[in-house]
């Protein structure tokens with residue numbers, strides 16, 4: 001295994017340049033055109049057979065070095081509509097077209113640039129050290145993780161048919177945590193998230209003549225209140241679920257009852273059966289609260305997006321945790337609690353029916369984290385920036401990239417070496 | 001007309017004795033056995049052809065004095081489960097069997113004893129003065145007005161087939177108002193009232209395991225809140241409706257979720273179309289609020305009782321008002337607003353398809369009523385007792401009975417004389 | 001009185017030209033600059049002493065012809081953001097700046113142009129026939145009736161101090177009703193309307209971490225549902241009130257709980273005490289529903305606009321109704337029911353403590369109205385256009401203007417002649 | 001240690017007789033008079049210094065055998081208002097006075113008789129084998145565990161001052177689980193439970209005149225719905241809490257709005273901070289939902305009962321689990337999940353500031369439990385009776401008592417030997 005890592009550290013200078021270039025040129029979900037070009041070129045130069053335009057802007061590099069086993073390494077490419085603060089000289093001043101069609105500032109505020117840099121570092125290292133392992137490596141650069149559709153788009157674009165089979169899928173994400181620290185959790189790691197748009201159909205009219213209307217605002221309000229019972233009454237106290245109505249919009253003039261009301265819901269669950277129960281209950285409540293008012297037609301319930309539950313294969317995650325501990329020292333490896341956040345990485349392993357493991361790596365000055373095992377406490381206390389914040393710019397950059405690249409090679413080596 | 005009234009005042013001494021006897025011996029709804037005997041005997045002695053046991057304890061006396069026209073005069077016989085205060089020496093100490101099977105004190109707290117006494121006075125007077133009119137008089141002593149079933153019971157017992165036809169139905173009710181004052185309203189006079197029992201079916205269980213239950217208390221609470229929208233949103237602001245949930249019962253032990261919840265509803269309306277709208281909306285809301293919770297079966301909605309709208313024939317009521325004014329003086333005759341209270345007298349006229357008129361007469365010391373035209377204001381101000389109160393014992397007894405008897409004869413005379 | 005009207009009919013040709021000019025050049029509320037100039041010039045030419053810029057764009061013309069009595073005649077000047085259909089050759093193609101700052105088509109879709117034309121006709125007629133009456137006439141051209149602030153703006157600009165006293169205030173409004181018909185109601189004629197903006201303050205946060213937030217959407221929904229109890233429980237069934245939540249807006253992204261929610265409410269009442277009860281209840285419910293959630297601060301409740309109850313002086317309205325009947329014939333004069341619509345004309349009489357009367361005149365082809373006494377039925381049946389519709393262009397124009405001008409002179413003559 | 005247990009098994013015949021006597025003569029909470037006498041006599045005969053009447057009917061036996069350490073062994077004495085089925089010849093036919101003053105059948109349906117029998121067996125064994133240990137044993141027979149007040153009553157009766165200090169408190173409870181199996185959980189074992197009675201004060205009145213009332217049923221319903229937000233919005237998704245409204249009672253007659261409504265609430269939590277949050281939120285919601293309706297006074301919120309969180313000292317519980325495993329075999333010792341049920345045993349250790357450990361022992365035929373590690377699954381599947389059921393009569397009686405007595409001596413021996 002240590003043969004695989006030899007020389008990796010020297011590679012980091014160039015990888016840092018790649019990182020800074022990506023950071024300066026962030027692109028929004030499904031708009032990662034320049035990013036894809038840069039990554040495709042690097043993979044080609046390293047000897048990978050590269051396919052672009054997979055699921056929109058996705059890039060897949062394949063390095064065959066013997067048939068088996070296959071290892072999928074994934075990084076996500078998209079940035080966020082956030083205006084970066086002035087903290088580094090490679091700061092982004094880019095803009096992009098937001099979901100409403102407006103121009104918006106764009107920033108890698110979730111650190112996907114570190115994922116890509118580490119993936120390229122690992123891919124180049126594995127390509128150069130190919131005499132020390134055998135098998136097939138798939139380097140997957142996925143679009144649109146932030147809106148939850150990128151992995152699915154690649155899979156729907158024939159990913160499994162078009163590319164070699166793989167025995168494990170590996171991915172990683174930067175966290176607000178100290179540089180060089182790694183966080184691996186066997187089993188359920190991140191929540192399933194389902195976002196829904198509910199459109200309630202009433203009948204509009206004059207505010208002084210409610211009897212001639214079916215008031216959609218009363219229906220929407222009844223739905224919001226009744227949805228509270230899903231978590232409070234329909235889920236076992238030991239199970240975890242969140243049902244949030246995060247937006248409601250209806251009407252404009254103060255004396256005109258509108259014809260419709262729109263709600264946006266967000267659901268988080270950690271168990272497929274609980275997810276089914278919650279979604280079924282939402283549908284039931286929405287329909288019957290509208291019917292209780294005599295609504296002229298059923299509300300529309302449309303998915304906005306959906307993140308699957310992210311479950312790490314227990315054996316594979318334990319092996320990776322043990323390898324990290326052996327390689328980097330126990331003080332740098334932690335088992336975190338499950339997170340309510342969501343991620344679509346798991347779709348690859350699920351689709352292929354193979355194990356997948358996703359872990360976090362820290363990216364910030366350790367001085368901000370009194371207890372490296374509990375980095376969330378530091379974020380909650382305001383000591384360190386959280387993901388999606390305009391201040392989410394890694395401070396311990398080279399150690400971070402070195403460790404992330406080494407972690408990816410180490411984990412891949414468990415299958416390849 | 002004045003021939004009809006001649007000698008009526010002298011009759012009042014004996015009528016007062018009848019009144020005191022009835023007041024001392026009140027009987028609850030459908031239990032008016034002794035009361036019916038007393039009234040039947042008086043009517044027979046006056047020359048009426050008497051049938052008892054009509055619709056349970058009802059009494060019908062018929063006096064034929066020429067074929068046409070027919071005039072129905074009605075008094076109701078039942079008392080209330082109220083304990084009388086000690087105000088008069090003919091106070092009731094009677095008891096009866098209440099709806100729950102318990103023994104309860106009984107009192108004529110709604111003054112039906114004055115209705116009966118005035119009816120007998122009028123019947124005896126008309127019998128004695130029969131040379132001054134022609135036609136047929138039906139003296140109807142109805143059971144069970146308080147629970148809303150007496151008129152219907154008599155009608156379902158073949159009233160229309162068994163007794164002579166009538167051209168008008170007349171009835172009167174004592175009010176908390178000054179003695180000798182009369183209150184006649186053309187058109188809608190009293191509300192329709194519908195009482196419903198709603199039984200919500202959930203699924204019971206342990207209070208710490210809500211997910212294994214369907215919580216009927218949450219359903220019942222949702223129903224109560226949503227029912228507020230019936231009046232607030234589904235009825236025109238210009239229409240009148242009341243929807244009251246007057247009782248809710250569910251559960252006993254603090255850690256056991258019950259299987260059912262029971263609601264009692266009361267609905268008041270002044271328009272048949274509004275009544276239909278309200279009852280339809282209640283059914284819709286009750287069903288869908290239960291379904292929204294995934295209830296294992298639909299709630300039961302059962303009528304408890306129902307009072308029809310009481311609508312006075314406009315022409316007949318105006319004629320009666322004019323006759324009262326001519327006879328007793330304009331200062332004693334008023335046109336009151338419609339009342340949210342309810343009464344089943346209207347069922348006779350409705351069933352026969354003939355006009356009916358129902359009016360109020362005052363029964364208390366005028367000193368308590370600063371403005372005789374607005375007696376309700378005195379009740380609201382605590383100056384005078386309201387119906388159903390344990391203090392509802394007429395204070396101006398002889399003038400009250402005299403005026404009520406004379407009003408009945410006067411109104412009947414409009415058709416008979 | 002007939003002396004006052006002599007020659008009025010001949011004047012209508014010129015008045016029609018004025019009307020068409022005003023109709024072609026409509027202006028939005030508080031933007032009635034050209035309109036005010038036209039009216040001011042006509043009043044000056046007729047011999048009125050004219051003040052402009054009263055309360056913004058308001059115009060006041062005073063004609064002194066003896067000291068007493070004073071009679072205020074009012075017309076409103078503003079038009080609506082409505083695009084007129086192509087029905088007449090004097091159709092408006094004007095645009096104006098809407099409340100959001102956008103350019104919008106403008107149309108006299110509520111017929112204020114007929115009010116102004118009739119007022120000028122009456123003013124000119126009175127000026128010319130001044131030997132037949134004595135007193136002082138105030139011709140008031142009010143801005144911004146549609147948004148409810150024009151009368152108040154004029155009063156706050158010193159109207160009562162700057163202009164002669166008056167003994168009665170008279171105004172009229174075109175209705176969707178047959179030409180030449182007049183509608184006068186003694187007592188309460190139009191509802192008070194109050195519009196409120198409620199801003200609920202919660203605490204925003206991540207949709208998966210509700211415990212760190214105070215969810216303003218749950219608060220807003222609780223407010224909406226609880227507000228239903230105001231009409232259903234807190235107002236007497238015999239009283240009329242409407243509480244409508246006509247708009248609710250909160251949040252945007254489906255996984256972000258917003259910090260605030262905004263509601264727009266509209267309240268209609270016909271009685272000042274009921275209005276007080278309703279507004280007090282709204283404030284109470286809004287505050288406590290927010291406090292129930294532990295909101296970090298009280299909601300803001302701000303008035304958007306407010307229309308006072310419009311109550312016609314009973315005696316004055318009856319005198320006017322009788323004069324109309326005598327002059328125009330009973331078949332052309334009706335007593336309509338109270339309307340849930342609102343109007344700020346009443347502010348002048350209220351401020352001065354003198355009677356005011358406001359009536360409606362019809363303006364459309366009688367063929368559309370099967371029963372002239374119930375023109376609303378024709379509108380409800382789709383036989384005739386309603387106010388604010390793009391089709392609200394008077395079809396019987398000359399008869400309409402003649403009758404409206406004559407009605408104004410006739411009513412004024414009751415005080416002046 | 002094995003010296004302590006020598007001869008214990010032979011003692012079980014007599015203990016079984018004690019058990020059958022207690023089973024035949026169950027007594028309700030705080031009425032354990034005969035039970036206390038029986039236990040006090042047995043403890044005295046064994047050489048304990050006995051105090052009765054502690055906290056009502058509580059019994060404390062002290063055996064001093066050297067000063068330190070002190071070990072508290074606790075059994076609870078009360079039975080339940082349950083009618084026993086006919087399954088054994090020592091079946092209870094006893095009756096007692098229930099909380100409503102009615103006579104009710106009584107049964108040891110929660111197996112406290114086994115706790116007492118095992119405690120006496122352990123106490124007698126320790127007394128007889130006193131040369132093999134040193135220290136002080138407190139045998140505590142506690143009243144009224146079922147209603148949650150017994151431990152507190154003993155503590156408030158000066159328990160800590162009147163009796164020797166102790167270094168650990170030990171208790172055990174029979175479970176529906178196979179005989180001879182033991183269940184020990186370090187850390188949080190049973191939920192805190194708080195039951196509350198909420199009395200809402202409105203203003204009663206006639207169902208047709210809601211405006212004269214403050215409808216307590218609307219308030220109660222609003223409270224029930226709003227309480228759903230406590231778990232759904234105010235508690236972290238990772239925390240466990242249950243808020244159940246298990247009873248609501250208001251009103252009787254269908255047309256009378258009652259003056260008050262009563263709710264019974266049950267709250268379960270596993271964390272003191274969560275408990276505080278939930279109770280604070282309940283108080284806030286109850287108060288403000290009443291105030292939103294203009295209630296004439298604040299609702300009353302009274303505790304019905306309260307069970308503290310039962311937390312086993314982690315080290316002590318692990319030591320006991322290890323000792324059980326060594327003594328009885330790993331296949332008989334399990335670590336169960338935390339239970340939502342509640343128990344007041346923890347009050348002794350908490351009050352004294354010393355560790356306490358509470359464990360379960362099985363009491364039924366192993367044939368009913370396919371997986372001894374998951375006995376709840378058998379109960380859920382209907383294979384075995386649950387606590388409080390009329391069938392909860394131990395079937396494997398002698399092995400059960402033997403194992404429970406040996407477990408108590410073994411655990412005590414860890415401190416005493």
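Placed from the backbone N, Cα and C atoms, the Cβ positions cover glycine too.
Sequence annotations record features per position, and here TrEMBL assigns Mn(2+) 2 binding site to A:110, A:112, A:146. Residue A:112 (Mn(2+) 2 binding site) falls within a helical segment according to DSSP.
Per TrEMBL, Mn(2+) 1 binding site is recorded for A:173. In sequence order, A:111, A:115, A:343, A:358, A:359, A:360, A:361 make up the list of same-chain residues 6 or more apart from residue A:173 (Mn(2+) 1 binding site) whose Cβ falls under 8 Å from its Cβ. For the recorded site, residue A:173 (Mn(2+) 1 binding site), the DSSP three-state label reads strand.
Helix, strand and coil counts under DSSP for the domain 'Peptidase M20 dimerisation' (A:195-291) come to 42 helix, 33 strand, 22 coil. The annotation domain 'Peptidase M20 dimerisation' is assigned in TrEMBL to A:195-291.
Take the CB of residue A:112 (Mn(2+) 2 binding site) and look out to 10 A: across all protein chains shown you find 26 other CB atoms.
DSSP gives residue A:146 (Mn(2+) 2 binding site) a coil state; it is part of no helix or strand. Listed in sequence order, A:79, A:80, A:146, A:174, A:387, A:388, A:392 are the same-chain residues at least 6 apart in sequence whose CB falls under 8 Å from the CB of residue A:110 (Mn(2+) 2 binding site). The local packing around residue A:146 (Mn(2+) 2 binding site), expressed as other Cβ atoms within 10 Å of its Cβ over all shown chains, amounts to 21. Taking the mean position of the Cβ atoms of A:110, A:112, A:146 as the Mn(2+) 2 site, the remaining residues of that chain whose Cβ falls within 8 Å of it are A:76, A:78, A:79, A:80, A:108, A:109, A:111, A:145.
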